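The feature Na(+) binding site is assigned by TrEMBL to SER73, LEU170, ASP173, SER174. Per TrEMBL, the feature transmembrane segment maps to 17-42, 62-87, 99-120, 153-172, 200-218, 230-253, 273-295, 315-336.
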Amino acid sequence: FLVYIVIWRGLHQSGKIIWCTALFPYLILFILFIRGVTLEGASEGLLYYLRPDWSKLRDPRVWIAAGTQVLFSYGIGIGANVALGSYNKYNHNFYRDSMIVCTICSGTSLFAGLVIFSVLGHMAHIQDKDVSEVARSGPGLAFLAYPEMVVQLPFAPVWAVLFFLMLIVLGIDSQFCTVEALVTGLVDEFASTLRPYRRLFTLSVVVVQFLLGLPLVTQGGMYIFQLMDFFSASGVSLLTVVFFEIVGFAWIYGAKRIYANIKDMVGFTPNKYFFFCWLFAAPCVIVGMLVFYIAVPEPVTYSDHYVYPWWGEMVGWGMALASIMWIPTYAFYYLWNSSGTLLERIKKGVTPQVVPRKVQEGSPTSDESLALEPPANIVRVLLQEKS
């Protein structure tokens, strides 16, 4: 209900609410940080957090976890950034915004880690254990560390309420973006059908997602959540989607066209470093992570003592395939319904065809005239249509 109230008219209409929900967690984190670093034993936890263990670099699972965490925390591959960015003006400096978002996201992750490990150091000191014995990865870590810190504050019940309110706000913030990404993508793709009923369609999406989420709050909900987290929200499904996205972005549409689009939008071209990343670094790293993921399988566990049975992992792989199966499915569908030889069909399928669904009055009206337009002008027409 809260998510629908905020996004029923689009996130661009709810800017003040987004500002409040985005800044509130920082206030709580800062207060908890001040209290955390003053606890006895906090330095032990901070040293454990900041001291690198270079031997871990030889473990492929560390690289897989780090890569998927970067993708997940930045919202890459789920369409949220594309959906939110589509509301910007054509000449908006998104290059600057990208640098700011990446810096804030990384800084927030580092800062939140400082808060958590200061408390874990205090807990290890009280229990006379090593920090590694207290620190346990997983979704329950925040519910272990932060409440321990809250009880150390004056007026602990008040801070407990604020802390759990912060968790709710963080969850709702994430829901804003994911729901908006789904709604915006479908409404833009099927504009003539869905755009007049955007509010009703948004309500139906929220209701369906609410019903799908009900099993997660049952007694066995955490077991389902762990499967979804391992197979759907990260791992092979996310890596596969991102791989095809970067290939389509840099190799099929073309990095040179992207540079032309960016220059037309913001007036300058990015550093050649991005060109290298788009074409070579990102695809190679993603493929390497996928190979490691498949070659070094890791059993799905919960709370370090429960190992999922084989049929549980099959359910997880079903979740993963539910998101990536549509890529080859549509590819076969396109090849089957296209004309010409197989080679001609493949060539046509990997040739970018950027044509707006409707063209504003005074703009080119035929596919042939649009094909003669530079890529930057085609993108301009597309964005003008959306606005």
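Backbone N, Cα and C atoms are what each Cβ position is placed from, and that goes for glycine too.
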May I ask which of the stretches 17-42, 62-87, 200-218, 273-295 has the most CB pairs under 8 A with the transmembrane segment (99-120)?
17-42
Have the transmembrane segment (273-295) and the transmembrane segment (62-87) got at least three CB pairs under 8 Å, pairs 6 or more apart in sequence?
yes
Output, ordered by sequence, the same-chain residues six or more apart from ASP173 (Na(+) binding site) with a CB under 8 Å from its CB, or 'none'.
ILE18, THR21, ALA22
Around the Na(+) site (SER73, LEU170, ASP173, SER174), what further same-chain residues have their C-beta within 8 angstroms of the site's C-beta centre?
GLY171, CYS177
Can you count the other CB atoms that lie within 10 A of the CB of SER174 (Na(+) binding site)?
13
Out of 17-42, 153-172, 200-218, 230-253, which stretch has the largest tally of CB pairs under 8 angstroms to the transmembrane segment (62-87)?
230-253
Applying a 10 Å Cβ distance cut-off over all chains shown, what neighbour count does SER73 (Na(+) binding site) have?
12
Relative to the Cβ of LEU170 (Na(+) binding site), which residues of the same chain, six or more apart in sequence, are found under 8 Å away?
PRO25
